[in-house]
Structure formats: C-alpha cells, structure tokens
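> Feature table excerpt (TrEMBL):
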| type | residues | note |
| --- | --- | --- |
| TRANSMEM | 21-41 | transmembrane segment |
| TRANSMEM | 53-72 | transmembrane segment |
| TRANSMEM | 79-98 | transmembrane segment |
| TRANSMEM | 114-134 | transmembrane segment |
| TRANSMEM | 146-166 | transmembrane segment |
| TRANSMEM | 202-221 | transmembrane segment |
Amino acid sequence: MNSVTPAPERGSTIDLRDPRYLALLAALAGTSLLTAVLGITDPEAPLSYPSRFLIWNLFLAWIPLVFAFAFAAVPRRIWLLPFGVLWLAFLPNAPYLITDLVHLRNGYDLWRHVLQYGVAAWTGIMLGVVSMRLVHRRLTAEFGRVTGWTAMAVTVALCAVGVVIGRFQRWNSWDLIDRPDAVVAGTLDWVRNPLSHVESTGVGLAVAAFFALAYLTMWAYEAVGSAPPSR
C-alpha cells in the first residue's frame, strides 16, 4: 500500500523572497549602519564605551526580527511555539534602545551623539514593531483576531517588564536562559511592589505606552494603505 505524506500545515506564511521584505530589511540595515558609522567616526572618542554597547544592543534588537520571520514563514504549526518563545525572550531588546538615551551627556559634539542615539532608538522601535506585525499576522491567520490582539497586548506588557529589569536590575535575555530563577525572582519583587520602585515603574509604563502607540501607528497605516480608494 502506498503511503501518502500529509501536506504541511499552513496558515498564512510569508515568502522571504518578496522584494518588499528585502526593501524593509535594507532600510533597517541602513539605519543600523548609520548608528555604527556615527560611533566609529567620532573624532573625540571613536567607539567609546557607550557607543560600543549601543551597537551591541542594536545587534540584540535584530535577533527578535530573525525569529519573527521564522515564525511567519515556517509552514508547520508545531514550530510556532519554540520560535514564538525565542522571539518574545529577545523582543525587549528592541524598545530597550530608547533607554540608552540616558547616556547622552552635555559636551563635545553633542549633536553627533543625539543623532546616534536617536537613530538607534528609532531603529530599535522599528525592529520591534515590524517583528510584532509579522507575529500578529501569523497568529491572526492561525487562531483568529481575538487571539492575535490579546497576544500583542500581553507582548507589550512583557516588553515593558523586560526593559525595566534590563535597565534597572541589569538582567538581559541571555540571563533568562542562563539564570532564569534569579531573573524571575527579581521580576516578581518589582511586580509585587511597583510603588516601592517609582522610577522604574514610571519608565515601564511610559515604554509600554510608547511601544503600543508605535505598533498601533504601523497597524493603522497598513490598514489605510490597503483600503480601496474612495470614489
């Protein structure tokens, strides 16, 4: 008896060869390169301590986009969970770049540094919202709109928590893999006593609001762009 191989489970996967995705990646790579160039060409202190870590943080912000593309393109549902977990674990690195503005100091060549940190923050937000859009569209195609939007709301909240524990408790995504017990303990302490950490709680709420509004802006723009012209 001939066996029949089942077709892959498909929701709404993307074609990574689509020129629109290539153009998007090129634009994000361009702003990332600009951030690096502004640090390398600093005549006072090329690739100083803040610039080195800014470029490293920007590299980390690219990781969730890689997992988001994998999540959106993989044909079988069985892979959605591992790619989704990895995406979520690294996603806070994207909005985290906003908080690197804390390194700005008055002094020599201030405008160069304003541009460098501003471009990095912009790139981080774009990397984050683009990856969220890829995941959101796949979730909606597979499980429906309610699941998709619920997942995005939870994602924004978890990202804000991730930014806070990264900036104020100095944990990172690698620690979540290497020392999960310590990360969870520190996070639970902050979640249980938010009013005891007024500054970090305020930053978390602001990051959540900004990240959510940035995502809604992209979603609304996409909806407007796909709407048929009025007659």
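Every residue, even glycine, has its Cβ placed from backbone N, Cα and C.
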> For the transmembrane segment (21-41), could you work out the same-chain residues 6 or more beyond its ends whose Cβ comes under 8 Å from its Cβ atoms?
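Apart from its flanks, the transmembrane segment (21-41) reaches 14-15, 47-48, 51-52, 54-55, 58, 62, 65, 69, 112-113, 115-116, 119-120, 122-123, 126-127, 130.
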> Under a Cβ pair cut-off of under 8 Å, which of the recorded stretches 53-72, 79-98, 114-134 contacts the transmembrane segment (146-166) most often?
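That would be 79-98.
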> With Cβ distances under 8 Å as the criterion, find the stretch in 79-98, 114-134, 202-221 that has the most pairs with the transmembrane segment (53-72).
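Out of the listed stretches, 79-98 contacts the transmembrane segment (53-72) most.
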> Can you name the far-off residues of the same chain, 6+ from the ends of the transmembrane segment (202-221), with a Cβ under 8 Å from a Cβ of it?
95, 98-99, 125, 128-130, 132-133, 136, 152-153, 156-157, 159-161, 163-164, 167-168
